[in-house]
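There's a structure below that I have some questions on.
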Amino acid sequence: MITINPKKPGLKNIIILATGGTIAGTGEEGKTTNYQAGNLDIDTLVSSVSNIDKIANIYGEQIANVDSNDITIDHWLTLANKINELSKQDDIDGFVITHGTDTLEETAYFLDLTVKTNKPVVITGAMRPSTATSADGPLNLYQSVALAASELSIGHGCMVVFSDGIYSGRNVQKVNTFKTNAFNSIEFGCLGYMRDNVPYFFNKSIKPHTVDSQFDISGLNKLPVVSIAYFNIDADPLILDYLAERSEGVVIAGAGSGTFSSNWLNEIKNLEEKGIPVVRSSRIGSGIILRDETMDRYINCIPSYTLSPPKARILLSLALTKTKDFSEIGKIFSEY
Ligand code: SIN
């Protein structure tokens, strides 16, 4: 429960949940390198964004202040449970999460599948620390708050705002390691654009999310462990066995259309006997992986459709909270 005392009664009440990242990073004045991510607290971050108080009443909460490579499943469960709880309050209108960009798309997809509200949930970050010349965080945060406060945003699931673009949590990917325009959804395009504080929507994801998703994390304090195996020429198939010993499911970042060597294929039979589902994704980053007579000859092998390896890992983990049945898991992948 958060006590809301609107400072400006006509404005929407938006909760910012801060987790750290470059957007909260500081370093040498003017420079974009050698900074520390997750250094500013949420109040300092918000106060650096001019006119943000004119578009919404903001209530900030610090969930963590870490580099997003240190985000854990505990952080995910905390975020999802908090949003699910606070969204029941009639006087809260939307949510913004500040996050490091390196793993932002993973948190976005997890929340897209586990948050149970139609109220807008928006994630953003920055490629340049707050102390850089032309830091990109303030505009990204300003536009995220504006998007979370917009009636047009209701029912879009968890969205990402970055560099004037609006993306779905399911399809968004980091596509550049250092430019400020670091995110897009490759062949699926964006949901829309932000121009200053005004959203313009053009697309909607038809995949189940938020209130239509079957996944319920309330009452869970951990998730089934799923690991990712990266295939390359002559990769040792025993990596699959090693991961299967430590996981309830394995995702393969395969070559091309989710492919791998005959040695790996043989190893998948051993995983089938151990009851371990294997999802075939691809290291390519675009395209679709569909059922294939050869690659999916063992019933534990499931194509990932258009999900990247880290996103397939999230869906497989959530699927395993519902069923261990290979064909049921396959149906979940074809639907989501
Ligand atoms: C991080 O992911 O926390 C560091 C990098 C970034 O935010 O751009």
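Cβ atoms are placed via backbone N, Cα and C, with glycine included.
All annotation found in TrEMBL is predicted automatically rather than curated by experts.
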In TrEMBL, the substrate site includes Thr101, Asp102. Which of Ser68, Ser130, Ser134, Ser144 does it also list there?
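As annotated by TrEMBL, Thr101, Asp102 share the substrate site with Ser68, chosen from Ser68, Ser130, Ser134, Ser144.
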Let me know the DSSP-derived helix, strand or coil state of Ser68 (substrate binding site), please.
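Assignment for Ser68 (substrate binding site) reads helix.
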Give me the Cα-Cα distance between Asp102 (substrate binding site) and Thr22 (active site), rounded to a whole Å.
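Taking the Cα atoms only, Asp102 (substrate binding site) lies 9 Å from Thr22 (active site).
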I want to verify one value. Collapsing DSSP to three states, which class is Thr22 (active site)?
helix
I'd like to know which of the recorded positions Thr22, Ser68, Thr101 has the most other Cβ atoms within 10 Å of its Cβ.
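Neighbour-count leader: Thr22.
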Can you tell me the CA-to-CA distance separating Thr22 (active site) and Thr101 (active site), as a whole number of Å?
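Cα-Cα distance, Thr22 (active site) to Thr101 (active site): 7 Å.
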Show, in sequence order, which residues other than Ser68, Thr101, Asp102 on the same chain lie with their Cβ within 8 Å of the centre of the Cβ atoms of the substrate site.
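For the substrate site the neighbour list reads Gly21, Thr22, Ala37, Asp67, Asn69, His99, Gly100, Thr103, Leu104, Gly125, Lys174.
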Pull the DSSP breakdown for the domain 'Asparaginase/glutaminase C-terminal' (226-333) and write it out as helix, strand, coil residue counts.
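Per DSSP, the residues of the domain 'Asparaginase/glutaminase C-terminal' (226-333) fall into 41 helix, 23 strand, 44 coil.
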